[in-house]
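The Mg(2+) 1 binding site annotation in TrEMBL covers D18, D151. As annotated by TrEMBL, active site applies to D18, E78, D151. Summarising the annotation, TrEMBL assigns Mg(2+) 2 binding site to E78. Per TrEMBL, the feature region 'Disordered' maps to 167-191.
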Amino acid sequence: MLIRIAVSKKTKIILGVDPGSILLGYAFLKATGQKVELLSMGVLDMRKMERQAQKMSFIYSELDRLIQYYEPSTGALEDPFYGKNAQSMLKLGRAQGAVMAVMGNHGLTVAEYSPRSIKKAVTGKGAASKEQVAAMLPHLVKGDFHHDFLDATDAVGVAYCHHLQGSSASPDGKRYKGWGDFLNNNPKRKG
């Protein structure tokens, strides 16, 4: 059951996403000054879906529903880790594109952070494990962190990293105000 949260002008709601085409982690944080509270975290589970188009549609529609409910003012996602498997990277890129599209269509500023930056923001060490990030977050963010998937806690880490950046751009963070701004700043992606 979803419970609507009252938000003041000094409070911001942050959406954090750990993109994936099998499991996608998401989290919504409520930040008032330095006080950060977990509103919701979870995963979009696409393990039983076979077609990529079905997965991307599911990502878009579920995040759209959650964004409409929580009304975040900003969003952030983890940059993909570049591996050797081109097919995996293509699938991850599609998931990231679906996330950016839904955020952009809601007018959210979109920031991207490297896995190393997120780990460093949460644990102080850029080489920390996912388990170390998950163990540290309850000390930084108030809330119920019981979840079966590290993808969900990774998404909390993304949102927390974004909170720490405030309104300034991070050294490796890229920010876009909607889909049009993304395309203007990435002319090679216009097709």
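Backbone N, Cα and C define each Cβ position, glycine as well.
Just so you know, TrEMBL annotations never went through curation; they're auto-generated.
Given the structure is predicted, the values throughout are model-derived calculations rather than measurements.
Counting Cβ atoms from all protein chains shown, D151 (Mg(2+) 1 binding site) has 25 others lying within 10 Å of its own Cβ. Mapped onto three states, the DSSP output places D151 (Mg(2+) 1 binding site) in helix. In the three-state DSSP classification, D18 (Mg(2+) 1 binding site) falls within a strand.
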